[in-house]
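Peer 1: Would you mind keeping the following structure in view while I ask a few things?
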């Protein structure tokens, strides 16, 4: 449910703070997508105060982080690699300081008291390497597309996890899961179609706007300054100079 709430929250924040417009067709496709993922994944829902607070905090921080990732890359013309290089040290330092404290607070276990065997260290390093590639792909996709598109891609990953879990691991799979995945795929296809159609419309409108001639103010003093001023009766007119134009000159 927390993951399903990220797309509506992202759309809301971008609409309020960045004045981004989402067409009704895009909204309709996102609703179908979320319904499909909800049918396929949400089976049992239990709420409590602490879980609800942490879920709300996770949704808000995730949306803000992804929106700012997209905004910073486009505003400052930086690549995903540059942004990741600049932000990783701060993320690592924050996790190293706060992570063990929160881990001990929530699990009542000390992370430094664990017996780190060579096999455990190998998988920790492997996990770190995989997380680097995940972070790189995340920054790249968000920078090239948008936070909403990245979340749509994330829901596609969820559907693939369910499918491969059934095919490879023989996880239990019901008709509800199949129906949810099919509905989610329909939503993804509609979202891709409407996004491509709107992009083509914007691309076709851009040359038309560029080809329109710009309005140029006529300068009635041009002929006077060139010495070609003419009286209404056809006689020569003495030059009349504008103080503002003299200052600009």
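FYI, residue positions are counted from 1 along the chain as it appears here.
Yeah, the Cβs are placed from backbone N, Cα and C, and that goes for glycine too.
What TrEMBL lists as compositional bias 'Polar residues' is 240-249. Annotated domain 'Sugar phosphate transporter' per TrEMBL: 10-192, in sequence order. Look at TrEMBL and you will find 205-249 tagged as region 'Disordered'. TrEMBL lists 25-43, 49-71, 83-102, 122-143, 150-169, 175-194 with the feature transmembrane segment.
Each of the listed features needs to be described in terms of its position in the shown structure.
Peer 2: Long-range contacts of the transmembrane segment (83-102) within the same chain, counting only residues at least 6 positions beyond its ends with a Cβ under 8 Å from a Cβ of the stretch, are 69, 72-73, 110-112, 135-136, 139, 143.
Within the chain, the transmembrane segment (150-169) has long-range Cβ neighbours (under 8 A, six or more residues past its boundaries) at 3, 6-7, 10, 30, 33-34, 37, 40-41, 66, 138, 141-142, 177, 181, 184-185, 188, 191.
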Peer 1: Among 25-43, 49-71, 122-143, which stretch has the highest count of C-beta pairs below 8 Å with the transmembrane segment (175-194)?
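Peer 2: Maximum Cβ contact count belongs to 25-43.
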Peer 1: Under 8 Å between C-beta atoms and at least six residues away from its ends: which parts of the chain pack against the transmembrane segment (25-43)?
Peer 2: 1, 3-4, 7-8, 11, 148, 152, 155, 158-159, 162, 176-177, 179-188, 190-191, 193-195, 198
